[in-house]
Amino acid sequence: MESSKNKQRKIIGYWMSEKKSQKLNWSEFAKVSRNHGFDLVKVDLNRPLEEQGPFTVIIHKLTDIIAQSLKGEKRACEIIEHVENYIKQHPEVLIIDPLENVKKLLDRFTSYRVIHDSDLHNIDVFTPPFVELTSNDIHVNLQTLKEAGVKFPFVCKPSVANGTDCHNMAIVFNEKGLKDCQPPCVAHAFVNHNAVLYKLFIIGGEYHIVERPSLKNFYPDPDRETIYFNSHDVSKSDSSSSLSVLDEDESGEECPTKADPATLGHIVEIITAVLGMNLLGVDIVVENKTGRHAIIDINPYPGYDGYPNFFESLIRCIRSKVSLNQGLTRIFPSEEDSGFETADSSDEKKRSPLLPVSKAHERQL
């Protein structure tokens, strides 16, 4: 009887850094998994995956290694190739989340572009005007910004949304501040939002919203120097930054910036479909003059700080994918297909494929 029961058990293979594992108390997830008929096995990336399965699901936080491979680092390329080959050979294994989609999400311009081209505009959700700056020529960048409709002040962020430097940003107020941009970077118009940021943590179809401090309101200023900041220092739950304190003449009471629950639900539905992802963190602000919701950043597999009963939501997501047999088998689109691969095989649920983009002048809207 016990032998028959063991045969029915399914294996969740997982990989994440030891630091991430400890932060999330991943050993607790092993208990939750066992209660739902799964065995949790940490994947050894230095051994053949064939020897470690058979896996029902592989859940991963490979963003650092993927980013290193995109920079051409040999060992990282070998690891990612190893994992990709295993996935190709085992289309029956559910991957949370598809490596190709994670790769594209690490490019801020690409993620902004797919949001801009999605159905979010139908629910009055927007991305601020944005463009990628690749030149060190101030005059070229000024023209690029004008053509993309990006006005001062704007936020300048590294193009790669991963690594220790990805949180180092700047607010540029005027033309003389253009010298402070460090290409390649993405510039997007600053949205005044009364220093309130909403972290939308998504697990499949479930989500939780956490309110965080954010940057105060800023306006064009021909004389103001560029402000440099680290987003972690400003928007962590325990952050206390002078950049988050509204000016005395702006209490924020006249222009409430509360997120609308119905809008958030629609964002989750559209974002997960168009990105083909289950584990996402979406940074949302509410424009103080209009009440419109703006998406200013997206992260694969975020920290989930403040998410209640995280493991229960995660196991429900996994069980749903397994029971519906939604095999994420089409992981690697052809070169002609530059869109995000959706997690749903139903054509009716595929939304707004990403348009191909390449060179700097083609990456402007």
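Using the three backbone atoms N, Cα and C, a Cβ is placed for every residue, glycine included.
Copied from TrEMBL, the annotated features are:
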BINDING   Lys20, Lys61, His167, Lys199, Asn299, Gly303  1D-myo-inositol 1,3,4-trisphosphate binding site
DOMAIN    117-333  domain 'ATP-grasp'
REGION    231-258  region 'Disordered'
BINDING   Asp283, Asp297  Mg(2+) 1 binding site
REGION    335-365  region 'Disordered'
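Long-range Cβ contacts of Asp283 (Mg(2+) 1 binding site) within its own chain (separation 6+, distance under 8 Å): Leu197, Tyr198, Lys199, Leu200, Ile295, Ile296, Asp297, Ile298, Asn299. Within the same chain, residues at least six positions away from Gly303 (1D-myo-inositol 1,3,4-trisphosphate binding site) with a Cβ under 8 Å of its Cβ are Lys23, Gly281. Each of the binding-site residues Lys20, Lys61, His167, Lys199 was assessed for Cβ neighbours inside 10 Å, and the highest tally belongs to Lys199.
Fewest other C-beta atoms within 10 angstroms, among the binding-site residues Asp297, Asn299, are seen around Asn299.
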